[in-house]
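Asks: So that we are looking at the same thing, I have put the structure below in structure tokens.
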Amino acid sequence: MTYEESEKNKNGLSSYIKKEGSSDLKVRVRFREPKLLVTHSGHITEQPKYEHLEQYLDSYVSLEDGDHDPKEAKELVFREVQLRHRINEFRKKGYFTAEAPVELKKAPSSNNIPISYRDNLLSHVNGYARSMHNDRKVRASRSRRISGMILAHFKRLSGADEKKAKEEDKRIRLLAKRTAWEIRKKWKVIEREVRRRRAERAAEAQRVAGKEQLANILKHSTDLLEARIERANINISAQTSESAVDWNYLLKTSDDLLSVDELKLKYSNPDLIKNIEREEEAEETSDDEPLSSEDEENEDEDITEESNLRKRKVSDKTRVVNKHPPSLRRSRRFFAKKSYNHVSDLDGEVIVMKKEDITDGVSTKKDLNDGDQNEVPLHDTGSSSSLSLLYNEDVASKKKRRVNDDGLARKKSIAGISEQRKFDEPNGSPVLHANKIQVPFLFRGTLREYQQYGLEWLTALHDSNTNGILADEMGLGKTIQTIALLAHLACEKENWGPHLIIVPTSVMLNWEMEFKKFLPGFKILTYYGNPQERKEKRSGWYKPDTWHVCITSYQLVLQDHQPFRRKKWQYMILDEAHNIKNFRSQRWQSLLNFNAEHRLLLTGTPLQNNLVELWSLLYFLMPAGVTQNNSAFANLKDFQDWFSKPMDRLIEEGQDMNPEAMNTVAKLHRVLRPYLLRRLKTEVEKQMPAKYEHVVYCQLSKRQRFLYDDFINRARTREILASGNFMSIINCLMQLRKVCNHPNLHEERPIVTSFALRRSAIADLEIKDLLVRKRLLHEEPMTKLDLSTLRLIRTDSEAFDTFVSDELNSLCATNAYNRISTFLRMQIDEECKPCQFKKSNFKEHFQNKIYQEQLDKLNFQKYLNESKCSHSPIYGSNLIRLAEKLPKHSTSIDYTLYAKDDPLYLLNTTKALRSCILSTEERASNMKEIIQRFACITPKAVVVDLPELFCKTIPRDLLYEVSRKINPLHQASTRLAIAFPDKRLLQYDCGKLQVLDRLLKDLVSNGHRVLIFTQMTKVLDILEQFLNIHGHRYLRLDGATKIEQRQILTERFNNDDKIPVFILSTRSGGLGINLTGADTVIFYDSDWNPQLDAQAQDRSHRIGQTRDVHIYRLISEYTVESNMLRRANQKRMLDKIVIQGGEFTTEWFRKADVLDLFDLDDESLKKVKADSDSGSTKNEENWEVALAAAEDEEDVQAAQVARKESALEQTEFSETSTPQAMLTKDSTPLSSDSATPGFERDSTEEQSNTNDMDEDRSELEEDLDETVGHIDEYMISFLEQEGTSDEW
């Protein structure tokens, strides 16, 4: 029976059993194993080498180095046993220890060799020969020594006299040399003494010459003032002659209707009034006849003309207000504190007067303590010149003239008025001058009273051929006064130019607009652009009347100085002229050589650092000298000796105003008064709104205080401060200022990220596990598993209908399978043993095996039946089709109207299911707020190579494409990977921003508009973030803003009230812009130069402002900023003594006071500070270089732009000295003897020579212990007559 037949019988048996359900049938089955079919020799099995496993295992022996044959193994074991046995023996003997004895084999002994007689003889001969050789050497050596001693003895005897002669000659030569050296030293000492005496005589002569030059300068200043007074007197005398005064009008008019001057004239001479009254009475009695009609008409015309003339001339002298110059009033107030009888006259001289010396015409109530009053009205007294006697008795006496008796009283009155005019200065009150200049008809504007006086002052300068400085405070209209001057020259003098106006780059457009507005009749050339454009503008450069005014910048005039230098200018006007304060700079040297008839300097701060800068301006005005006799204004050394050094001592040492200091101040005023006009806004513009300054102290935040204390307490910082290195100290100061402004400027808040590891630890550890995991991932075992069979895929049944699924469940035959399986289990004998090849149990065992196989097959069929019949979908295809057939939402009008009438129609559509199913993007959007608030935990470390380890089977192209897709979880993953600092910490990390927040809320809510100034560009970025956080609208202006954009931003801020804040850089927003739309100025930090802050605040507090201006200065408490503010207040002391706007000297503040900005307690640091006080200090150039090195790159660039435009451009206005090779022969007072006599050496050379003389004097005192005797006097007189060694 074959295998197929047996299978058929089995199937038939099974079916029969199912049908009959009987088990009595017995079947005997015999199986025969078929023979293998051999088709190849390889199919024949070989005979086994070993019969069984034990024989195979006994065929080899496994050792450490591999498997061996049993015989080889025995030999190896035997050798190993012998080796270990020897090792044990050596160990017992101690050979393996360090103390083991080492036994050396002895050399074979030669005792067995016999010694013969000949050997003894030869050894004796060798010993005797060695002994004789040694004796011979000893005797030869002894003989050489003896012979040498004998030769030396006889040589000494033969050369004794010659040696003695040589020694004597050597001694004489040495003595002569020393004597000559002493004589030469003595002559050098005498020569130094002669030079010292010559230097003293030269210094005395120079001092005398300097006094004479100062006297000449003072005399010239006095002459200029007297010349102006004479011209004013002539005009007044011509206008107030006897014929011009209508005494009838004065007598008949009530005193209430007359002005002060008319009352003065009316009651100045009672005798003249009585004579006029008597003449009128005589005329009334004599003139009784009536006049003809023609005579009446002529008389009416004469009366009308006389009345008009009287009104015009009376209006010219209606009121005379006594206004003294600001410097004079400040001096008077200062002197009044010391003594009541110290008075300053117009020329600044101090006159000590007694009370009884003052004329009786002056009221006793007019005491000198009234010097603080701005107006001194003329009193109704018998002599109007008494007030001038109060100020200057000598000047008043000089002005008395001989007049006839009839006009004595009237001329006394006129002289009093003219003398009083000598002390008048404009201050904004209505002043009408006798020689008032009419506004030119070309000028399209209106001048205020003080501007009218400024025009008259400028005109007087031009008429006297004198150059001057218009130093009005910023915002008083220096530009419009200059334009009016040029219009006056064109109208009255027929002088149409050409005029050159040099201005900072930032205000070029402003000057052009002012000219077009107020003087449209002039042709204006605005010189700017690239080199090609400037070349085109120079076409017709030397043709007359091509244009009248050329406006250019400091930078361009230096670049194209050749064409400007060759052209002849009528007026050269420099705006912001304090930028030529350094006479060593190339800018000063170039502009000095320009061919200009007149020069005018416009500046709001004539003094910024020291009086040397003022000398630079004055010398620039008068390079040819104040008079024809003098070749220059004054050399620098003399000017410093006259004014600078006394003022420095006065300010630095805090001395009181003694008579010597008062005299120095008065002389300085006399020198400056003819050339300088200075008015303050508070003095000339009474309607100007008030200005209030507030200092707001801000506490440092916790982070600021930590960074500040940490930096100042570092060992490195203490070393730098103790070393005294200027650049390093400035750098430390800048770092502390950054901490005070905002801690992020010093140290940014870190952005926390996870530490990224390129290689994970799992890549190096558990290699076997990693290989297995890689193999499984590579083979993709999930593809070999039928998950649907295991019913793990629940969505495979969604294609079934729910009704079909129910039918399939009803066809499940689980119960039938259970009955058959129960029957088969009953037939199986569990206790049946395996077949033992016996006929008795083979049948039972075979039958039991058949039943077991049938049972297993039945169970498998049961499982398949249940699996196939139990497929039930989650939703079913019928439900899905129903959902797809639901009506969609309609947006038509009919649907909307119908739904309005029948709300139930809206039930056909629903968004409930749609809202339950959210996409990844929608879920990320809904959880955005939660993610932003709570996704804040950043892991300490992440591994980069994990995706590569577990995604080897994914192609790289696919990974790249997936990475380019927009990841909705990118924000969440980023927040978990990177922790950014909260933006609100920007405010809470800084004490100034917290104060600024409260301040802005109050100001903006009350309708104020704010200007915020800062020095650092990075602070502007922080302020922008701060304003954006709080939602304030703002504008920004810094050094990078173009000139055209500045004007647009300025006009937009002034015209748009919806922009409450304007943030600016002090170095760019402090010049050339008008921001009167703001009434509040906030200085976030203070600049190094207080004048820049003053310029910045005057952008708002100027003419045109209608509201009071409040200035807030934010200062960090207990920091270097507090010390800087204290120093700035001390620097403003000089303003009260010289002129408004002065400061301390640079040498006093620059280096020595830098250490004062730190709160130093250590003794070492105090010692360094004392050394720096005694040593030389840094000049302004080193100061600026140090600041440039310490500041940030953006701030350095902004500073360069600031210097370029007078606080806008560092490149142009940095005080760099000009190399000597660049200076022309006549371009500098340092290089031309004819230009500046006595100026051959600058201050540095003078100081070095002085130091040399001091050293010579000290050496002289050391060399000469005794006093100078008659021989010394003879030597001194000889050298004085014959000259020193360098003169031979």
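Using N, Cα and C of the backbone, Cβ positions are placed for all residues, glycine too.
Annotation comment: Swiss-Prot describes 105-177 as domain 'HSA'. Per Swiss-Prot, region 'Disordered' is recorded for 275-326, 362-384, 1204-1288. Summarising the annotation, Swiss-Prot assigns compositional bias 'Basic residues' to 310-326. Residues or ranges marked as ATP binding site by Swiss-Prot on the basis of sequence analysis: Asp472, Glu473, Met474, Gly475, Leu476, Gly477, Lys478, Thr479. The feature motif 'DEAH box' is assigned by Swiss-Prot to 575-578. As annotated by Swiss-Prot, domain 'Helicase C-terminal' applies to 995-1150.
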Asks: Which secondary structure state does DSSP assign to Lys478 (ATP binding site), in the simple three-class scheme?
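Replies: In the DSSP reduction, Lys478 (ATP binding site) maps to helix.
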Asks: Just to be sure I understand, if DSSP states are collapsed into helix, strand and coil, how many residues of the motif 'DEAH box' (575-578) fall in each?
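Replies: Each residue of the motif 'DEAH box' (575-578) counted once, the result is 2 helix, 1 strand, 1 coil.
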Asks: Average the per-residue pLDDT over the motif 'DEAH box' (575-578) and send me the rounded value.
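Replies: A mean pLDDT of 85 is what the predicted model shows over the motif 'DEAH box' (575-578).
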Asks: Looking at Cβ-Cβ distances, which residues of the chain lie under 8 angstroms from Thr479 (ATP binding site) while being 6 or more apart from it?
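Replies: For Thr479 (ATP binding site), the qualifying residues are Asn510, Trp511, Glu514, Asp575, Leu602.
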Asks: Look at the binding-site residues Met474, Leu476 and tell me which residue has the greatest number of other C-beta atoms within 10 angstroms of its C-beta.
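Replies: Sorting the candidates by Cβ neighbours within 10 Å, the top entry is Leu476.
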Asks: My understanding is the cutoff is Cβ-Cβ under 8 Å with a sequence separation of 6 or more in the same chain; which residues meet that for Asp472 (ATP binding site)?
Replies: Gly454, Lys478, Gln481, Gly604, Leu677, Arg678, Arg679
Asks: Write out how many residues of the domain 'HSA' (105-177) are helix, how many strand and how many coil, based on DSSP.
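Replies: So the domain 'HSA' (105-177) is made up of 61 helix, 0 strand, 12 coil.
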